[in-house]
């Protein structure tokens, strides 16, 4: 496609991009398009919209999403950090605005209307938060006099407070999980792991006792009693689908479940296309996560290592939580399946995440060990 | 502040950075932490994969939402008579449904449907089809013609679903025995319910229902005899202007029910009136004071006790005065009667005196022994419990001896009668084919064979010389006992309204079948007077025997048999 001597930006990009990641993300996007045709017409009809309302919008969102992903993948680490900082500042501003001026949907204020579009700023906050945390951890390790971990902790508490205020417990738990995982990878001492683990447990207990709907869902999951209609229906659909599925368009859950195009899209996939294809989808997510960790392990740059690990953790957590709920492995929790579920904000935010992963895993001459070694030696050797 | 103090106590930054390699914490430490994280994710994705495999291997439990729709396709076994004639079977029918969201023009759709289904409830269907639901039933179980007509209309959003429907080729002929199924093909009455209770229903609830043919359930019924009995009863009901009638033909040696009819009945193919109070299965679910037919049991008891002999005589010249009641005879002879005379003249006084000789407790014990005081056990779910006085006094024993004061089901009366004539073996009645060998094992000896012999003589004598003369069928040696019971109206026995029965068996030298016919509130036949059992129930039995005996494989014998029978006593 491009020769090595071609020094144009495109050629450079193509040569250095991690094509496995790119292929995996594009495969997820393809899954999303197919499933949008499968799941959303039924939902659209049910709520009285045009049959292909959600399909059209899904396609419409794909254009900026792919654009964002590719564009971001051109950036270098420093630009990524800047982008993350700007994104975080804007999304925090919008989240605060949402609390005061936002649209209340199902009892929480997560959405703001901007230029005629509904936005969920917390979606964009997540990858930006990961990048900034990665940067803070990396800086802390590079220059211990900077209280990076402390700032990361304060940042997390601030973000969590904003999410709880909405309230959006799912995102809070997700954020806490990612933050904890990054902290863990960054070399958190076991004492702190214990302390944070206990406080996480207490936080979950508090959520259980403070929010009746949380307690209700957990109880339903544990006892199997009460209104388990959505998850039961999801399960039934998967079992009905069997290995090879009922066939495209033959599904029934999509006519029944209100969130079939978002939270329960996995069940729709299982019913119409079969468990084997579900396994393929799960494999793609697993591949992204594991390849991300593998790349991070090999990366010598602390920031890139933490950032890539954090970003794939984000995708990993979101995908596993969504799928686990569909498979009745954990209490019902609304969580979108990255790239596959319907949702504009979610789609573009995931594209941003993917773009950042692609950008940070590009092969770069400057990330080669030698130069970094030189750099750090000159800077730290005297101090130690 | 919490954090600085914690930090201070820990003596360093939260993140450990002992040996700073380029880019942060110890390379090996970060690597091991990464490995732990990778291991966690591998485990989580592994669990998800395992769960997918588990789901892939699991069966659908149709216990919930899909079950009703699934079950409608599930098979029920055919029900056949003893020679394999189909009495109940499954047929496939199409049911009409609508998908309102796919219907283009509701008005047009309903109008077009109304053109082929004229009884369409226009408003109702219009409401259903504009409801915005995904799926609505419009009409279950169309005829093939209707289906073709609807199909020809080509209305979008209208479809058919194949269902199985129970069909009874004989219509009402065996309705009370076969019972009913509901719209989801689950048995709700009769043998149909019995089949479900035997495990089919449980299997279907567990999702093990099958769409394939099931082995048919073979009944003891003979479809031809069943038809004859019903024909005779329908005719009798009309002839005697009765409000109800019933009949049973029971194999005396095996306890198998060969035919059983209760009128009025219903058509199981269109059971709109099956739940009318009047249409219960009188033979097993109705209890009646059987009247004089009960004297057969009293006589058998007296003979079996050894305290009374066939040659004994009792004084029936004067009515019995007990408490405020006077027991007198209907056909009073006003003289001393021998036991056979008491039987054929149906003397209340003589029978009461025989019961008196036996004693109250023994009387009760005997009736219990031959199954007349307990709820009969058989396959049909509709079985009534007999009634008896809470406390048996002398008066109760006297009235019960001639059939008042105890209500039993006609079927169990026939079953007990079989024991009187078959050598003394009580057999649980069955509607399923049962071999003679099996019956031998099941039978319970309740009478001395000699008592049974004496009873056969008395039954036969009653047809030859007594009230049962109109039941005689030449060559088939019928024997039997009439019963004309006055019905209780407003707490008093009425002389206007009667419940008549004729309890018979044939051929009397070696009884093969017990036949019982009952008729409720018969009026005198046109041009004749009298509506006693001998005038209506007995001729009905004669019809049944005359028409069904040849089909049951019995040869008529003329001449010597009757003499032989009489000579032996």
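Placed from the backbone N, Cα and C atoms, the Cβ positions cover glycine too.
In TrEMBL, the annotation transmembrane segment applies to A:146-165, one of the ranges A:146-165, A:206-225, A:226-245. Which of A:41-58, A:59-76 counts as transmembrane segment depends on TrEMBL, and there it is A:59-76. Remark: the transmembrane segment (A:339-361) makes no contact with the transmembrane segment (A:172-193), by the rule of 3 or more CB pairs under 8 A.
Remote same-chain residues near the transmembrane segment (A:146-165) are listed as 92, 95-96, 99, 122, 125, 129, 132-133, 135-140, 171-172, 175-176, 179, 183, 186 (criterion: CB distance under 8 Å, separation of at least six residues from the stretch ends).
Between the transmembrane segment (A:172-193) and the transmembrane segment (A:306-327), three or more CB pairs separated by 6 or more residues in sequence fall under 8 Å, so the two stretches touch.
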